[in-house]
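Presented below is the structure to which this report refers.
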Amino acid sequence: MSDALVQARDLRKRFGAFEAVRGIDVDVARGEVFGFLGPNGAGKSSTMRMIACVSPRSGGSLQVLGMDPGSDGPRIRARIGVVPQLDNLDTELSVRENLEIYGRYFGLSRRRVRAKAAELLEFAQLTERAEDPVEPLSGGMKRRLTIARSLVNDPELLLLDEPTTGLDPQARHLLWDRLYRLKREGVTQIVTTHYMDEAEQLCDRLVVMDDGLIVAEGSPVELIERYSTREVLELRFLPEHRPAAGELAGLVERVEELPDRFLLYTADGERAQAEVARSGLRPLSALVRRSSLEDVFLRLTGRSLVD
Amino acid sequence: MSAPSAVPDVPLAPRLLPAGSYAGRARMLLLRSATASRRTWLAFVSGFFEPIFYLLAMGQGLGSLVGELPGPGGASLSYAAFIAPGLLAASAMNGAVFDSTYNVFFKLRYARLYDAMLATPLGPIDIALGEIGWALLRGGLYATGFLSVMAAFGLIASPWALLALPAALVVAFAFGAIGMAATSFMRSWQDFDLVTLAVLPMFLFATTFYPLSVYPRWLQLVVECLPLYHAVELMRALTTGAVHLGLLSHLGYFAVMIAVGVVLASRRLDALLLK
Ligand SMILES: Nc1ncnc2c1ncn2[C@@H]1O[C@H](COP(=O)(O)OP(=O)(O)O)[C@@H](O)[C@H]1O
Ligand SMILES: [Mg+2]
């Protein structure tokens with residue numbers, strides 16, 4: 001048995017004639033936070049559902065916790081936690097009952113789930129709402145409850161499918177904080193996201209996924225070093241002053257033209273900005289920033305992550 | 001209590017369902033339903049009174065015009081004593097059908113409740129058995145209540161009537177199983193008109209309110225195929241004491257319904273949710 005908690009080789013998922021996952025190789029090591037970064041429709045959820053043993057693979061091999069999801073589904077599911085893309089809390093139960101009853105599905109005793117629920121309510125900062133119904137909770141609270149629920153069986157591996165999509169910045173930061181805590185406690189996590197900041201914040205290592213394929217793999221820093229420059233100069237122009245991309249090409253390593261702006265990739269953004277001014281161009285605004293995974297994605301696929 | 005990771009390998013129907021479909025924890029769904037029903041007890045209670053209203057309106061009211069009817073053993077019966085076992089069978093059916101259709105459809109299509117359950121060691125068979133089991137308990141509870149009312153009105157003629165309770169559980173199980181299987185094929189709430197279309201005529205025509213002998217032979221054959229007919233015959237034999245071995249054929253009918261319903265419902269859940 002390898003050390004990898006998850007090992008996929010040429011993993012595929014077909015829905016009828018359409019292939020959503022087209023042969024990916026993945027290794028997730030114990031203790032790391034591993035990310036799938038990619039736009040909507042990249043095949044992230046399809047992959048996560050196969051790992052969670054709720055969707056049979058169409059091809060390739062897959063091992064989770066050293067077992068085969070095809071034949072050991074229940075045994076694997078007993079040891080993992082799942083936060084699905086869409087919340088599926090039990091709306092007929094209270095916040096606390098959601099945790100307790102879910103624990104019972106894992107075969108935990110009454111006493112055990114009662115203690116565990118109290119601990120998880122604290123963790124999710126929902127103790128005050130314990131006896132409330134689930135429906136009126138805010139999006140962030142529901143998400144925290146879903147994460148708390150996924151921890152009820154003390155999973156070795158936690159699968160989080162777009163944990164913060166649709167949440168406001170404050171709710172996202174609170175959630176990230178909880179996920180850091182879990183990482184410190186040694187829980188291996190697999191996170192999907194189409195937010196590059198989330199991937200940079202959370203992931204030790206990630207794969208960039210597009211159209212059912214993995215197009216790059218590494219730590220956020222490695223990926224940025226390999227596929228982008230240190231800095232980016234963003235230029236916006238009035239339509240009448242907008243230059244052709246060719247005019248900018250000579251100034252920096254690489255230029256990307258987006259509908260509303262140009263991205264100039266360079267090690268030194270300030271200097272590039274000065275050269276732009278010297279060459280007589282008249283940008284409406286100029287912004288120097290550090291490269292991000294968004295730039296990596298743009299470089300690899302020619303498209304933005306979030307449209 | 002079993003350890004959390006100990007998942008028994010119980011291939012209930014190895015050829016009919018994929019491996020890992022059953023964790024042996026269907027009772028956890030009963031626990032969930034019982035917990036949830038604490039907030040919806042009113043709907044629960046209303047199902048208890050419905051057959052009693054029928055018994056009062058038709059048994060006492062209409063019964064005073066009808067007079068006596070021939071019972072299954074040949075002895076004559078008051079009209080109320082004739083229809084009461086029919087209503088008992090119908091209430092077991094109604095409780096189970098309601099739970100396994102409307103309630104299951106909502107959980108399946110809207111609440112994504114079963115998706116959440118399948119992320120745990122539970123499998124489709126646990127879900128099917130758990131939900132059908134709840135429908136059965138509910139049907140059984142209604143039957144107990146109604147049997148007590150029958151006893152209080154003096155409509156029970158035999159100690160065999162005690163067996164009407166387990167019989168009602170079997171009937172509820174069978175209707176719950178078929179109801180859940182049918183629900184897995186439904187695409188929208190409109191499809192539920194079909195449930196009404198199946199249940200209401202059965203309630204009215206499957207010998208609940210008058211004996212089979214009122215029909216011409218060909219229609220009798222049609223009625224004899226209906227599940228509620230078998231439930232009514234069974235109950236009527238038990239509450240009047242006209243018990244004979246032939247009653248086992250009714251049980252056989254329900255055993256087939258249960259087997260078909262559970263397997264079909266589990267397979268459909270598997271196909272719908274684990275794709
Ligand atoms: N059950 C399904 N049936 C048919 N197509 C599906 C199904 N689930 C996902 N897809 C398709 O597979 C592709 C990948 O979907 P998904 O894995 O959800 O992507 P992501 O999570 O990266 O947004 C999409 O084109 C989606 O429409
Ligand atoms: Mg997704």
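Note that Cβ sites are derived from N, Cα and C of the backbone, with glycine treated the same way.
What TrEMBL says about this one:
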DOMAIN    B:42-272  domain 'ABC transmembrane type-2'
TRANSMEM  B:40-57  transmembrane segment
TRANSMEM  B:77-98  transmembrane segment
TRANSMEM  B:139-157  transmembrane segment
TRANSMEM  B:163-182  transmembrane segment
TRANSMEM  B:194-212  transmembrane segment
TRANSMEM  B:242-265  transmembrane segment
Q) Out of B:40-57, B:77-98, B:139-157, B:163-182, B:242-265, which stretch touches the transmembrane segment (B:194-212) the most, going by CB pairs under 8 Å? A) B:77-98
(Q) Check the transmembrane segment (B:77-98) against the transmembrane segment (B:163-182) for contact, please; criterion is three or more CB pairs under 8 Å, pairs 6 or more apart in sequence. (A) yes
Q | the transmembrane segment (B:163-182) versus listed stretches B:40-57, B:139-157, B:242-265: most Cβ pairs under 8 Å | A | B:242-265
Q. By Cβ distance under 8 Å, which residues at least 6 away from the ends of the transmembrane segment (B:242-265) in the same chain are close to it?
A. 13, 16-17, 71-74, 125, 128-129, 132, 158, 160, 170-171, 173-181, 184, 227, 230-231, 233-234, 236
Q: Go through the chain and flag residues at least 6 beyond the ends of the transmembrane segment (B:139-157) whose CB is under 8 A from any CB in it; none is fine as an answer.
A: 47-48, 51-52, 55, 59, 77-78, 80-81, 84, 87-88, 91-96, 164-165, 168-169, 171-173, 175-176, 239-241
Q: Determine which residues of the chain contact the transmembrane segment (B:40-57) at the Cβ level, with the cut-off under 8 Å and only residues 6 or more beyond its ends counted.
A: 80, 83-84, 87-88, 90-91, 94-95, 98, 138, 141-142, 145-146, 149-150, 153
